[in-house]
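Look at Swiss-Prot and you will find 1-5 tagged as signal peptide. The N-linked glycosylation site annotation in Swiss-Prot covers 107. Residues or ranges marked as disulfide bond by Swiss-Prot on the basis of similarity to another entry: 127-194, 172-223.
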């Protein structure tokens, strides 16, 4: 996020709900359609249906009240994965969030949005960011919803052994505009800075009394 003020002031973020995934099941195939024309109509229908499903996935949100004390970390997200090895792709929810943010910013019909890739128009982000999978061994500790520091457990026991906890973190890039302020802000009139903001994710942790449990902790999720 880009903080802008003259003089610089703090800004708060409203909490957003966590996303729920309804069950989906695809049926049929293009071979069951009645010819080339029907196949073309079928492809168009599938594309429209896919966009509709994405919007439904993102619109099904639970209302969660954020903590008043943590105004920069009041978003709820699902960027945690249990795996025996480093995940090769970003989490699905992250991709859906990025897609929805783009659709909201575009403010166009679904058909127009599909052909309006910002990369093709030469658009740039206000703040540059980097994203990567981080292990619990690298995080070691985190702050939970009560403000207490807890230990992030590296491994989670499962019936057939143990899996590692991975966190998909996004933070401001140390290169480029992050040091000079937000891109596109007139420096003659405004002071600005790119700042990493946090969200809550659910992870297996241990508190200072050695009690192990699933808690919401803060991780870096945007710039």
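Cβ from N, Cα, C; glycine included.
Residue 127 (disulfide bond) sits 6 Å from residue 223 (disulfide bond), taking the Cα positions as reference. It is 7 Å from the Cα atom of residue 172 (disulfide bond) to that of residue 194 (disulfide bond).
The disulfide-bonded residues examined here are 127, 194, 223; by Cβ neighbour count within 10 Å, the least packed of them is 223.
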